[in-house]
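Now, the feature entries from Swiss-Prot:
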DOMAIN    9-243  domain 'ATP-grasp'
BINDING   Lys45, Gly52, Arg53, Gly54, Glu98, Val101, Glu106  ATP binding site
BINDING   Asn198, Asp212  Mg(2+) binding site
BINDING   Asn263, Gly320, Ile321, Met322  substrate binding site
Amino acid sequence: MKIHEYQAKDILAGFGIAIPRGRVAMNASQVERAARELGGHCVIKAQVYAGGRGKGGGIRVAQDPGQAGEIAKELLGTKLVTPQTGPEGLEVRRLLVEEVVDIERELYLSITLDRESSRYCLIASAEGGMDIEEIARTAPDRIRILTIDPFIGLRSYQARRTALGLGLVGPLCEECVELILNLYRCLLERDCSLVEINPLVVTNAGWLVAMDTKMTFDDNALQRHCEYPDLVDYSQLNPLEIAAARFDLSYIKLSGAIGCMVNGAGLAMATLDVLKEAGGEPANFLDVGGGASREKVAEAFRIILQDRDVRGVFVNIFGGIMRCDIIAQGIIDAASGGGCRLPIVVRMDGNRVEEGKQLLRESGLNIRIGENMGDGAQQIVAMLNREVNQPCQS
């Protein structure tokens, strides 16, 4: 789960980490008022669920409240395109207006979950700012990575070694040690999968300030934090992903034309690979889970059909706990009810597979049966390559 920068900064401030003075604004007049309260000279930052805002023109400096208001009018309501949003961009509905900070140095600091080691990692670099991705790609030796032992946690000596590695000495080093330990405490107490400060700046006055921050929460821990749903900005999410979440479906929108419905995350990832190998481009990742009902399968299929980029659908099911006849009934309910004319290829195996296939054959829908995963992928790709289909009305 993602949140905005201003929300992440409020959380960090609660753990004793210094942040710039700032105000959140929803319109130009609020931006002008915030700029006036901050002394006129201020930074205006678009709030979207993506990084790279500086390169996309989403972070601007205003010299006075009037200019701040004009910048707000330029940003609000527009789609901000960054290297992380894709070409469609994300709509700007909120702005963070902050004081200007005199910066002496920019550092990078984050703690994130390393999927390979299944442990948290402390990542630090003496070269923070907008180009940290380029540094990671071209000069990885400039980035320090410490894997944290989950049994003993992050220790003071490790935080001090990291601070010294950033070139900090004396009182500034001790301040950084405290900041790193507080960042780790925040990570654990708030069930984060990532906390990132970029840049962490050393001011001309000799203080450490979190100028920009990113925070994501572990979705599996959301039940422990009843306040988290109130932090979500649904305007930043794909409507289909929101609809899928209501039915406890794992859905991620992709850029292709072949809708995918699969049971099991591992099989879903393998399905995407097989489609790519066959020359197709998947339009989504959708996992209905291991014991979905007929109604849940139908809703999952309807979500796929609502995506206007989808020109065909590939269903890949292994029936263990899941019954193939229930999958077939759900597909038929959704496809026949919506008047869908898209080509559909279904590959299924396992529990009640013959009953499921028989239901599909007798449905009267444009459905083909794949003998195996590879055959199913090749069939749907071939059908899309030679047919021009009418859009599905769902």
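Placed from the backbone N, Cα and C atoms, the Cβ positions cover glycine too.
Residues Lys45, Gly52, Arg53, Gly54, Glu98, Val101, Glu106 are the ones the record ties to ATP, and the longest Cα gap between any two of them is 20 Å.
Counting only the Cα atoms, the space from Asn198 (Mg(2+) binding site) to Glu106 (ATP binding site) is about 8 angstrom. The Cα atom of Glu98 (ATP binding site) lies nearest to that of Asp212, taking the binding-site residues Asp212, Gly320, Met322 as the candidates. Ranking the binding-site residues Asp212, Gly320, Met322 by Cα distance from Gly54 (ATP binding site) puts Asp212 first. Other residues of the same chain near the substrate site, with their Cβ within 8 Å of the Cβ centroid of Asn263, Gly320, Ile321, Met322, are Gly264, Gly290, Gly291, Ile317, Phe318, Gly319, Arg323, Gly350, Asn351. Of all the binding-site residues listed here (Glu98, Glu106, Asp212), the one with the fewest other CB atoms within 10 A of its own CB is Glu106. The full span of the recorded substrate binding residues, Asn263, Gly320, Ile321, Met322, taken as their largest Cα to Cα distance, is 10 Å. Using Cα positions, the member of the binding-site residues Gly52, Val101, Asp212 nearest to Met322 (substrate binding site) is identified as Gly52.
Taking CA atoms as the reference points, Asn263 (substrate binding site) and Asp212 (Mg(2+) binding site) are 39 Å apart. The CA atom of Glu106 (ATP binding site) is located 11 Å away from the CA atom of Asp212 (Mg(2+) binding site).
Around the Cβ of Gly52 (ATP binding site), 16 further Cβ atoms fall within 10 Å across all displayed protein chains.
Most Cβ neighbours within 10 Å among the binding-site residues Val101, Ile321: this distinction goes to Val101.
Sequence-distant contacts of Lys45 (ATP binding site), defined by Cβ-Cβ distance under 8 angstroms and a gap of at least six in the same chain, are Glu5, Arg53, Gly58, Ile59, Leu95, Leu96, Val97, Glu98, Asp212. On the backbone, the CA of Gly320 (substrate binding site) and the CA of Gly52 (ATP binding site) stand 43 Å apart.
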